[in-house]
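J.: Mind looking over this structure? Questions follow.
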Amino acid sequence: MDIPQNITEFFMLGLSQNSEVQRVLFVVFLLIYVVTVCGNMLIVVTITSSPTLASPVYFFLANLSFIDTFYSSSMAPKLIADSLYEGRTISYECCMAQLFGAHFLGGVEIILLTVMAYDRYVAICKPLHNTTIMTRHLCAMLVGVAWLGGFLHSLVQLLLVLWLPFCGPNVINHFACDLYPLLEVACTNTYVIGLLVVANSGLICLLNFLMLAASYIVILYSLRSHSADGRCKALSTCGAHFIVVALFFVPCIFTYVHPFSTLPIDKNMALFYGILTPMLNPLIYTLRNEEVKNAMRKLFTW
């Protein structure tokens, strides 16, 4: 059966209709995007070029920074362009591509953050077996699982939307093509699809967050037997990771766990996990990490 598609493009309301505010947003988000790309790529180059940063934790951090660069690029350029121009339209094909790309990279990041928590658990709770457990082969395999999981998650999200008929209106109350705003303009009952979105996005975020929280409870419990210096170093590393986890997971859970509806605050939540968190990750991970900062100094003085 053919799916009626009278709409060839969508008009996105963005963050503001005020031209003065839009110009301010253009400057702000352009700066954020430049800082995001430069900061994350600096971490990737620093880790890949420094022999002292060859441990699993930095291997995963380099992959996270690589993902954040492209994850931010799935939303930020369009948001920046729409803040400058009045015609905030996006074709149906580009909308589907943006939806797939954002959920693909977001899914990879969710799984990778969980993998990084497992790496911290092994390093702190099983220090004598760390090198035998977290081998290069296992680390590469875990990253591969993250990419595969993100692809499957995004594929499901895309398939949920592709069969929907869009015959008008075509106004999306968002700055990016996302599931709930698209479901609102579909010309059919989308209640069941909304429940599937909650299952595929909301529950995945929630379950991964609960696993992360459980791993940190175990880590904190095991730190009682460590020395004061060991506790400080472990808490510094784990604290940075947990801040990143909270900044990414909490807005995602809020957006996708509630019953199908688009709330006004959803756009602000999307800004957190899609635009701001990729920028903050390099700062959070390197602010108190002397090894990374020393490697960066050597990189610039080489």
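Placed from the backbone N, Cα and C atoms, the Cβ positions cover glycine too.
Sharing the feature lines straight out of Swiss-Prot:
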| type | residues | note |
| --- | --- | --- |
| TOPO_DOM | 1-23 | topological domain 'Extracellular' |
| CARBOHYD | Asn6 | N-linked glycosylation site |
| TRANSMEM | 24-47 | transmembrane segment |
| TOPO_DOM | 48-55 | topological domain 'Cytoplasmic' |
| TRANSMEM | 56-77 | transmembrane segment |
| TOPO_DOM | 78-98 | topological domain 'Extracellular' |
| DISULFID | Cys95-Cys187 | disulfide bond |
| TRANSMEM | 99-118 | transmembrane segment |
| TOPO_DOM | 119-137 | topological domain 'Cytoplasmic' |
| TRANSMEM | 138-156 | transmembrane segment |
| TOPO_DOM | 157-193 | topological domain 'Extracellular' |
| TRANSMEM | 194-217 | transmembrane segment |
| TOPO_DOM | 218-233 | topological domain 'Cytoplasmic' |
| TRANSMEM | 234-256 | transmembrane segment |
| TOPO_DOM | 257-267 | topological domain 'Extracellular' |
| TRANSMEM | 268-287 | transmembrane segment |
| TOPO_DOM | 288-302 | topological domain 'Cytoplasmic' |
J.: In the same chain, which residue numbers or ranges, 6 or more beyond the ends of the transmembrane segment (56-77), come under 8 angstroms Cβ to Cβ?
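T.: Those are 29, 32-33, 36-37, 39-41, 43-44, 47-48, 98, 101-102, 105-106, 108-109, 112-113, 115-116, 119-120, 123, 134, 139, 143, 146, 175-176, 237, 270, 274-275, 277-279, 281-282, 285, 291-292, in sequence order.
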J.: Any chance the transmembrane segment (234-256) and the transmembrane segment (99-118) have 3 or more Cβ pairs under 8 A, given the pairs are 6 or more apart in sequence?
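T.: Yes, these stretches are in contact.
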J.: Determine how many residues of the topological domain 'Cytoplasmic' (218-233) DSSP places in helix, in strand and in coil.
T.: 14 helix, 0 strand, 2 coil
J.: Determine the minimum-neighbour residue: among Cys95, Cys187, listed as disulfide-bonded residues, which Cβ has the fewest other Cβ atoms within 10 angstroms?
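T.: Minimum Cβ neighbour count within 10 Å, taken over the disulfide-bonded residues Cys95, Cys187, occurs at Cys187.
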J.: What residues in the same chain, six or more past the boundaries of the transmembrane segment (268-287), come closer than 8 Å to it by Cβ-Cβ distance?
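T.: Long-range Cβ neighbours of the transmembrane segment (268-287): 15, 29, 32-33, 35-36, 39-40, 42-43, 61, 64-65, 68-69, 71-72, 74-76, 79, 102, 106, 174-176, 178, 240-241, 243-244, 247-248, 251-252, 254-255, 293, 296.
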J.: If you count every Cβ pair below 8 Å, which range out of 24-47, 99-118, 138-156 shares the most with the transmembrane segment (194-217)?
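T.: Checked against 24-47, 99-118, 138-156; highest Cβ contact count belongs to 99-118.
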J.: Are there residues at least 6 beyond the ends of the topological domain 'Cytoplasmic' (288-302) whose Cβ is under 8 Å from a Cβ of it, and what are they?
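T.: Long-range Cβ neighbours of the topological domain 'Cytoplasmic' (288-302): 42-43, 45-47, 49-50, 52-53, 58, 236-237, 240.
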J.: For Cys95 (disulfide bond) and Asn6 (N-linked glycosylation site), what Cα-Cα distance in Å is obtained after rounding to a whole number?
T.: 15
J.: Using a Cβ-Cβ cut-off of under 8 Å, list the residues of the same chain that are 6+ residues beyond the ends of the topological domain 'Extracellular' (157-193) and lie near it.
T.: 3-7, 9-15, 75, 78-79, 82, 90, 92, 95-96, 98-100, 102-103, 200-201, 255, 260-262, 266-267, 270, 274
J.: If we skip the immediate neighbours and take only residues 6+ beyond the ends of the transmembrane segment (24-47), which ones have a Cβ under 8 Å from one of its Cβ atoms?
T.: 15-16, 53, 58-59, 61-62, 65-66, 68-69, 72-73, 76-77, 79-80, 83-84, 275-276, 278-279, 281-283, 285-286, 292, 295-296, 299
J.: If you measure Asn6 (N-linked glycosylation site) to Cys187 (disulfide bond) at Cα, how many Å is it?
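T.: Cα to Cα, Asn6 (N-linked glycosylation site) and Cys187 (disulfide bond) are separated by 10 Å.
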J.: Taking the Cβ of Asn6 (N-linked glycosylation site) as the centre, how many other Cβ atoms fall within a 10 Å radius?
T.: 10
